[in-house]
Amino acid sequence: MINAEPIISKMKNQKINYDKVLKKLIGQWEREAIRPKILLHSCCAPCSTYTLEFLTQYADIAIYFANSNIHPKNEYLRRAKVQEQFVEDFNRKTGANVKYIEAPYEPHKFVKMVKDKELADEKEGGLRCTACFEMRLDIVAKAAVEHGYDYFGSAITLSPKKNAQLINELGMDVQKIYDVNYLPSDFKKSKGYERSIEMCNDYNIFRQCYCGCVFAAMQQGIDFKTVNKEAKAFLEQYPD
C-alpha cells in the first residue's frame, strides 16, 4: 500500500499542507485503481461528518471510537451512541457501508498516563493534549494492524481547535512502530469544517461543549453534574 512519506518529504522546507498530501495520496490510489481500507479514529460524531462524506468516495472506512479520555462515563456513552447513530444514518442516506467499532472504555489508563507524565496541570493545547493524541493514535494503529486495515488515521484534524500539524507528525511517528500506513489529513481545509456544521444540522447531531478530558474540563469550569444529568437523560432513549 502507498505510503505518504515520499510526498511529505518533498515539502520538508515549508509548512506542510496535509490536506494537499492526502489529495495527492488519493490521486495515486486512483491511478493505481486502489480502494484502501481505513480504520479512522473519531473523537465525536461532528468530526466524522465531512470526513466520512469525503473519504467514502475513495476508500472503505471503519470508524474507531477510541476515547478513554472522555469524562464522565455517561458523557462517553452519549458521544459513543451519537457517533454510532450518525454512522447508521449516514449509511442509510448515502448508501455507504461505513462500519462502527468501539474500543474498550478504559479511563483509568488515560488518567494514569497523565499523572505518570505529570501533565495534569498543563493548559489545553499543551503537552497533555499531545500525549492524549499520541495515546489514541497508538491504539488505532495497533487495531488497524490486528484487523488488517491498510491505513489508520483520525478525524480530529477537522477541528479548528486542534493542531493538525502536530497530530500528523505524531501519526507519522506512530506509523514507524507498526506495520500499517498513517493517513495524513487536515479535514478542516477546503471548507471541511464549514461543511461539518451543515451536516450536523442536517443530521441533527449533538455538539459537545468540551473535548471530554476531565483535566481540561475542570480548568474550564465545566459543570459535571449538569453534563452527567443531560447525558443520562439522553441515554434513557436507548434502554439497550
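Heads up, the Cβ atoms here are built off N, Cα and C, so glycines get one too.
Per Swiss-Prot, these features apply:
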- Cys43, Cys44, Cys129, Cys132: [4Fe-4S] cluster binding site (BINDING)
- Cys211-Cys213: disulfide bond (DISULFID)
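For Cys211 (disulfide bond), the same-chain residues lying six or more positions away in sequence with a CB closer than 8 A to its CB are Cys43, Asn69, Glu124, Lys161, Ala217. Other residues of the same chain near the [4Fe-4S] cluster site, with their Cβ within 8 Å of the Cβ centroid of Cys43, Cys44, Cys129, Cys132, are Asn67, Asn69, Phe133, Arg136, Ile156, Lys162, Cys211, Gly212, Cys213. Counting only residues at least six positions away in the same chain, the Cβ atoms of Asn69, Phe110, Val114, Cys213 sit under 8 Å from the Cβ of Cys132 ([4Fe-4S] cluster binding site). Long-range neighbours of Cys44 ([4Fe-4S] cluster binding site) (same chain, six or more residues apart, CB within less than 8 Å of its CB): Asn67, Arg79, Val82, Gln83, Gln208, Gly212. The Cβ neighbour count for Cys43 ([4Fe-4S] cluster binding site), using a 10 Å radius over every protein chain in view, is 26. Long-range neighbours of Cys129 ([4Fe-4S] cluster binding site) (same chain, six or more residues apart, CB within less than 8 Å of its CB): Glu122, Lys162, Asn163, Cys213, Ala216.
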